[in-house]
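Residues or ranges marked as active site, proton acceptor by TrEMBL: His254. Per TrEMBL, the feature glyoxylate binding site maps to Tyr24, Tyr129, Arg164, His254, Arg257. The feature FMN binding site is assigned by TrEMBL to 77-79, Ser106, Gln127, Thr155, Lys230, Ser252, 285-289, 308-309. According to TrEMBL, the domain 'FMN hydroxy acid dehydrogenase' annotation covers 1-359.
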Amino acid sequence: MEVTNVCEYEELAKQKLPKMVYDYYSAGAEDQWTLKENREAFSRILFRPRVLVDVTKIDMTTTVLGFKISIPIMIAPSAMQKMAHPDGELATARAAASAGTIMTLSSWATCSVEEVNATGPGIRFFQLYVYKDRNIVRQLVRRAEKAGYKAIALTVDTPRLGRREVDIKNKFRLPPNLTLKNFEDLDLGKMEKVNDSGLAAYVAGQVDQSLSWKDVQWLQTITSLPILCKGIMTAEDTRMAIEYGAAGIIVSNHGARQLDYSPATITCLEEVVKEANGRVPVFLDGGVRRGTDVFKAIALGASGIFIGRPVLYGLAVDGEAGIKNVLKMLRNELEMTMALSGCTSLEDITRDRVLTESDKIRRSISRL
């Protein structure tokens, strides 16, 4: 089967992966309403294309935290990638570097920060969960700095793990041949076999539920790296993140894996962008499967987007080559969308290029 779009990788991955692994990667929390809504919300945003624009040359380059990347499409942190392919995060790092974009390594990776760094040059961020033992956090951050990572993506929406019912049914745990590599030397790299989700038990035992805004400031005392707050969805929390020193915000609902019936991230984006008001960059994570989705996010104020599941599915199907193809397809679709909308650079993708549900309501009211 010739793969012609990113979504087709999911079905191929489902056929290839063990059920427990596919379910872990693909599922959302509880009723999975937010999981569906993350995708469907994009379909309610329409284009307002402009014509008779010379689109012979289209520039998709941008800058993130001072680092130039070839496309505004970056790789989100996804845990335990060796469950998808023996090369795991190493393949992801190589594919991201080849595409000239940023990879974010999960704390719960099956390759260590040092192993990923050893794949060669590349711009990499490190995603951080704050453990109850703060010495563990200090060690992790120090290792990421030493290995050349350029930012910390602090996950702020996981004081507890969301109720992922498929993981409970499958009694999910990390396969015995794999470890959470960054914690291997700390005897925290394995998950115990339990009667429900092994990951949920691991999180309950290790992750600090008392995490608060003060800890964003504390992190700044142990690292000089910029800190992105990942998991912000409201103006109120945007205000707090900036007040406490965040260098950027990732609008995210954790791939719909935490609080079900929270809104799709694309519907929260404008609220966050408006509150940030240019003081820090705002990025979008969640539901992106098409270049058209990337365009819509940029039009609503995102400085770039992160993709998670598409990378995992590409990795499962064809390793590094699969991820490269995912990034290539999204790049080509974004370029086509820009050309057909009359945009030759990302700066041309302005708010007036899209029509949201709120816009439609306002237009209807104005006609009364």
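A Cβ is built for glycine as well, from the same backbone N, Cα and C atoms used for every other residue.
The candidate set comprises the recorded positions Lys230, His254, Arg257, Arg309. Of these, Lys230 has the most other Cβ atoms within 10 Å. On the 0 to 100 pLDDT scale, the model's mean across the domain 'FMN hydroxy acid dehydrogenase' (1-359) is 95. Per-site Cβ counts within 10 Å over the binding-site residues Tyr24, Tyr129 peak at Tyr24. In sequence order, Asn38, Arg39, Ala41, Phe42, Ala264, Thr265, Ile266, Asp293 are the residues of the chain that are 6 or more apart from Gly287 (FMN binding site) and have a CB within less than 8 Å of its CB. Using Lys230 (FMN binding site) as the reference Cα, a 10 A cut-off selects His254 from the recorded positions Tyr24, Arg164, His254, Arg257.
Among the binding-site residues Tyr24, Tyr129, Arg164, Arg257, no residue is found with its Cα located within 10 Å of the Cα of Asp285 (FMN binding site). Rounded to the nearest whole angstrom, the C-alpha distance between Ala79 (FMN binding site) and His254 (active site, proton acceptor) is 12. Counting only the Cα atoms, the space from the residue listed as 'active site, proton acceptor' to Arg289 (FMN binding site) is about 16 angstrom.
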